[in-house]
């Protein structure tokens, strides 16, 4: 209904303005359901107030004026803000497209939501006192070549251990690591076993299934260790019918009349450990003060052959970290204490050391290069490299370019071992590129040591004369290579004579002439993650000084 025209005004006077509208609705007396509308309009001669922008109606913007305001020029502040936003989006896109973890983000978030509580445990890696011996005399190769029972037959059957009936909270154990490549050739951590709990130093070994410690059973050929020998009670001995015993020995070797579960392990360096399985409490303390107690099965070693532990020994045994059901992380996971994920980070610093974590709280969400773990009967961490290069030079024959070479990550090996052909081509490439280094056969620190024509005290004096060794594991996102880079400081050693020694050895020395074994010397300066749940292994550069629990994406994502 349009308002009536205002009354006429004398000439020259201002037109009266509509001041307000009142609408009153009244129902008829005989039909109250209908209603009657009375509309009133009021006029005034007051000057109109300045117009303000109309309010939106029902969530829709009011009509704009016919005349638009002129467009303002972009200010410096707006340009800077736009640049920052575009930069943040570019970095976010980088992490989304160039990090493998971005693909797994949603799944990892869902896993975290299922946790009621997160706890962390730390295991250190300890340094050892120098023993004044040539490094090559006691460099370990703790790659478990065979696992045999007391009948001498191989036992390689795998099994799944049933999880505990009562669900438990997933935690993360964070363990400091000590040790060094030179002169000790080992890295180790500490665990607590028994009641009351007693400490034991164990070599960190991803190439071994079984954790074992020297035991007073009595112990034959055992080295004097840093702690008293473990003495098992009779009721702590594991019987042959135990599932983990059958995993170790193989179902075909089950002995119904035996009263104990015997084991024997042979390593790639021809050393061995023999004993029985025992079960006792393992104690772990979380970084937040929480405590875990695990019913842990381990080897009680009463005899060993070869130089498993140096004498006097700085460790009490081996911490088995393979993917086998009897390994340390697998037992923790089977009890629901952790996710079956662990990792280690070994520093390049001269004092050595680093840390190891059990569980997935310390797995970085970005910046990690992942490659698949290939299943095998030996439970080792196998991968396949497509190319091996020294700098830009291919170390394999052209006809082998389309094939792959097997790679094993083994923290129990002091050095890195190469197939014979790759090793010989590498040595030839180094000699050609660095003619100023002459081999010194009198230096027995490692099989190949060079004397420079200038004084050498530190790796920084010579690393510029060498190239990195690159292992290429295919592509990610179709165009980026998955590369494990072994820089010169990760394969060179400075001997006591001031010579430069090559920490990359010929695999034929340990009967692995066709496999690359990545050992401690090349694992330094990297956070290496072994994800047994997703069957993958990953790595990222790190100084390994302080572990950081990383959750979620960066703040701008």
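Every residue gets a Cβ built from N, Cα and C, even glycine.
Feature list (source: TrEMBL):
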type     : residues : note
REGION   : 27-59    : region 'Disordered'
COMPBIAS : 46-56    : compositional bias 'Pro residues'
TRANSMEM : 77-95    : transmembrane segment
DOMAIN   : 187-540  : domain 'Peptidase A1'
ACT_SITE : 205      : active site
ACT_SITE : 410      : active site
Legend entry - Alpha-carbon distance [residue 205 (active site); residue 410 (active site)] in Å: 7
Inset, instruction - Take the domain 'Peptidase A1' (187-540) and average the pLDDT across it for me. - result: 89
Inset, instruction - Take the Cβ of residue 410 (active site) and count every other Cβ within 10 Å, whichever protein chain it belongs to. - result: 28
